[in-house]
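Here is the structure we will look at.
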Amino acid sequence: MNFYRSSIISQIIKYNRRLAKSIICEDDSQIITLTAFVNQCLWCHKRVSVSAILLTTDNKILVCNRRDSFLYSEIIRTRNMFRKKRLFLNYSNYLSKQERSILSSFFSLYPATADNDRIDAIYPGGIPKRGENVPECLSREIKEEVNIDNSFVFIDTRFFIHGIIEDTIINKFFEVIFFVGRISLTSDQIIDTFKSNHEIKDLIFLDPNSGNGLQYEIAKYALDTAKLKCYGHRGCYYESLKKLTEDD
């Protein structure tokens, strides 16, 4: 387990009862450690993302396709030119075709690579802004990324899932808190109102009963955990995100 990489896991364990056994999900670029806790005392942390695993009324899991790959974002972000070039030359398969073309022109480097078109998927959410609590952060991020008002979103706050994400390509660790929720819209209705934006290129919908990949494994763990008894919780069973925002 990567618990020693976490900045908040000791506080979470101290104040929240573990609800389910930890699992590890991994693919060729990420290793994710997930642990479910009864929500007894949770607070926003400026370095920890808050995300929602949301089910539609036609029983589909909402997932967002990022506009930029994780690797491209890291190459743009880092100021070290040697690191930029090293990441590009060694891992260009983890970029989209457009990103490879842009960086090839920028660096005047043309690495031998397969003709794949990388797309990284995430659940809607992000890092809370200063002064935001969990409901406010989720409301803002879901609206910005998916264009869904919080009146259509219902969150199960009886429990949460702490995730430690190791990106083995850029050699960094990230933390996230997942909540399970529902959207009172069908997948088609969500597609009709969605607007591509600077962060999210498009949406995909997963079948919760079958699939593969990291996003499916995360969702399966979360949905299985939602069936457990959350004794001692201080949350709500699918409360309106709008009401949670107003109450807090």
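Any Cβ shown, glycine's included, is placed from N, Cα and C.
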## Note on the structure
Between the ranges 126-147, 192-213, Swiss-Prot assigns motif 'Nudix box' to 126-147
### Query
Do any residues at least six apart in sequence from ASP167 (Mg(2+) binding site), in the same chain, have a Cβ closer than 8 Å to its Cβ, and if so which, in order?
SER29, GLN30, PHE70, PHE173, PHE174
### Query
Could you give the Cα-Cα distance between GLU145 (Mn(2+) binding site) and GLU132 (Mg(2+) binding site), in whole Å?
17
### Summary
For the motif 'Nudix box' (126-147), the DSSP residue counts stand at 13 helix, 1 strand, 8 coil
### Task
Find, among the binding-site residues listed as GLU132, GLU145, the one whose Cβ has the highest number of other Cβ atoms within 10 Å in the structure shown.
GLU145
